[in-house]
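J.: Among the features that Swiss-Prot reports, substrate binding site is placed at Ser94, Asn110, Val111, Arg112, Gly260, Gly261, Arg262. Residues or ranges marked as divalent metal cation binding site by Swiss-Prot on the basis of sequence analysis: His98, His108, His147, His177. Annotation comment: Swiss-Prot describes His108 as active site, proton donor, evidence class sequence analysis. If you look up Swiss-Prot, you'll see His177 marked as site 'Important for dimerization', on the strength of sequence analysis. The region 'Important for dimerization' annotation in Swiss-Prot covers 242-277, and the record cites sequence analysis as its basis.
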Amino acid sequence: MNSPDIALIKTYLLTLQDNICGALAQADGHAEFTEECWVREEGGGGRSRVLVNGAVFEQAGVNFSHVSGAMLPASATAHRPELAGRSFQALGVSLVIHPLNPYLPTSHANVRFFIAEKPGEDAVWWFGGGFDLTPYYGFEEDAIHWHQVAHSLCQPFGEQIYPRYKKWCDDYFYIKHRQEARGIGGLFFDDLNSPDFMTCFNFTQAVGDGFLAAYMPIVARRKALGWGDRERQFQLYRRGRYVEFNLVWDRGTLFGLQTGGRTESILMSLPPLVRWEYNYQPEADSAEAALYRDFLPVKDWLAIKGETH
């Protein structure tokens, strides 16, 4: 099977949104997701869910969208001029979780499908997605676990998949104007359309399903750790990097805004509170300095555990 089954993809994505929201609400134990279904005037719509002011999660947004249009925006055709003049559909689930506890990392995941069609010509389609982790106070055990899950889900699809998509993630989530990684990475892939539709779809499902396996054990380990104003202020400062990346560099944000997407859903990735501080430098040998020294530089986390891959 090499012709895309959009109904199959949509069913999976809606189920994935349900599963992730259910797991997050259960872990929070205090707040529930509110849902808003929306329609896009130019075509399509979506289902946005957000949890706010929880006991564990200050804000968690999990968005499903299925949008369509008669013509692609500049952000899409700039890199792929062959798509000009084609109608398109884009389906995806995207989520960003901003915990309250500074010892809990922010996490992001996204799985998506894109197809551009023109009468009389073959459709152009691909999958993309991934997940990445942004700690404020890093724990080696958590970083290894995160990457071990990523490695394991890639293995059935080939030995080369994890290192390739890990590097892509490290390269993509890099804040160029800060010369600094956004976090400790994970997986990132795009333009996936070979060897065939079902293989690509199966891999995309593995990534989507892998998110909870990667993130929820970290939530369970860290959500009860005590914290104070110092940790909170550092968390708010580091959230600024998240905002900078999403508004300046993230292709998905730019695509959404340029296609007339729903602004509230697109900017749901931004943290509810954030601060900037001129020329901040962490104290030498502090827990804050350890983030810059031990976690933000790119490294092979599986090698620490002595794994081969």
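Heads up, the Cβ atoms here are built off N, Cα and C, so glycines get one too.
A quick note: this is a predicted structure, and the numbers were derived from the prediction, not measured.
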J.: Could you pull the average pLDDT for the region 'Important for dimerization' (242-277)?
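T.: That region's mean pLDDT is 90.
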J.: According to DSSP, collapsed to three classes, what secondary structure does Gly261 (substrate binding site) have?
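T.: Going by the DSSP assignment, Gly261 (substrate binding site) belongs to neither helix nor strand, so it counts as coil.
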J.: Distance between His108 (divalent metal cation binding site) and Gly260 (substrate binding site) at the Cα atoms, whole Å?
T.: 23
J.: What's the number of neighbouring CB atoms sitting within 10 A of the CB on His98 (divalent metal cation binding site)?
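T.: Within a 10 Å radius of the Cβ of His98 (divalent metal cation binding site) lie 25 other Cβ atoms.
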J.: Quick check for the class: what is the C-alpha distance, in angstrom and rounded, between Val111 (substrate binding site) and His98 (divalent metal cation binding site)?
T.: 19
J.: Taking only the Cα atoms, work out how far His98 (divalent metal cation binding site) lies from Asn110 (substrate binding site), in Å, as a whole number.
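T.: It is 15 Å, counting Cα to Cα.
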J.: I need the CA-to-CA distance for Ser94 (substrate binding site) versus His177 (divalent metal cation binding site), whole Å please.
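T.: Here the two Cα atoms are 25 Å apart.
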J.: Cα-Cα separation of Arg112 (substrate binding site) and His147 (divalent metal cation binding site), in Å?
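T.: Cα-Cα, rounded: 21 Å.
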J.: If we check Cα distances from His177 (divalent metal cation binding site), which of the binding-site residues Asn110, Gly260, Gly261, Arg262 wins as closest?
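T.: Of the binding-site residues Asn110, Gly260, Gly261, Arg262, Asn110 has its Cα closest to that of His177 (divalent metal cation binding site).
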